[in-house]
Amino acid sequence: MYTEGFIDVTGGRVSFQKFDENGGGTPVIVLHGGPGSSCYSLLGLKALAKDRPVILYDQLGCGKSDRPMDTTLWRLDRFVEELAQIRQALNLDEVHILGHSWGTTLAAAYCLTKPSGVKSVIFSSPCLSAPLWEQDQKRNLKKLPLDVQETINRCEENGTTDSEEFAAAIEVFGKHFVNRLEKQPEWLEQKPSGYRNADIYNIMWGPSEFTVLGNLKNFDCTTQLKEITCPSLYTCGRFDEATPETTEYYSSLTPKSKFHVFEKSAHMPYIEEPEEYLAVIGDFLNSI
């Protein structure tokens, strides 16, 4: 059964989709990346619905959700509140949480409010420390051709991260550390226009992946990961922006955690190795 609709949250309405093939199992709710992206690239996770309901939603300001102009809404605590409001609206008394990239920042911040009924949390290509993420990207940058490094550094220094040469350099970075597929799935190429909201990304992260200037600049929950006591799974790609070393470090700080690396992937193993990704995630959820 497929359901879609809108949920009222602080600041506007968010669009959600629910996939449910047999009505059994504890639901899993998926938190997309960004900040300011949408759930469309994660739609392949609906395959998990053979065992449990799967809920995807576009965070406020993104995708099909409302796009309010109030920039004070683009704060981590407001997105945490939004997740709580969605759970309440959908009567998700018990739930698994799967966050990807920025979605793991949101998942961790939410779990640290000690909500009831969270059966497990999956940190997929996690960002749980903005300073660590920034350090890792500086190291990743050094693995690229020298001219690409120089372009990115020059554009950051000159404030020209909106230029065509910066975009071209970022594309090279992406082919190394974000999505390494030569040919993208056809459904991914048909992405909806305007699904991203660059304003949210700029306010919360900044104009560049490599230097955090937004309001997440000081986010670091590593010292609190010991407080996440439900079962957890940390995953990343071998060539991920969310490096295996840092991801394993987060896992080591979290009780009841498991760690898995997708050997052929960068930051999007759910697209780069979809069968393996679904198998690992599905097995973990079914073990709870």
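A Cβ is built for glycine as well, from the same backbone N, Cα and C atoms used for every other residue.
If you look up Swiss-Prot, you'll see 27-274 marked as domain 'AB hydrolase-1', on the strength of sequence analysis.
Using a 10 Å Cβ-Cβ cutoff, Ser101 (active site, nucleophile) registers 25 neighbours. The active site, nucleophile annotation in Swiss-Prot covers Ser101 and is backed by a curator's inference.
Under 8 Å, Cβ to Cβ, and six or more positions away along its own chain, Asp240 (active site) finds Ser125, Phe177, Thr247, Ser265, Ala266, His267, Pro269. The annotation active site is assigned in Swiss-Prot to Asp240.
Per Swiss-Prot, active site, proton donor is recorded for His267. Counting every protein chain shown, 23 other Cβ atoms lie within 10 Å of the Cβ of His267 (active site, proton donor).
The secondary structure of Asp240 (active site), as reduced to three states from DSSP, is coil rather than helix or strand.
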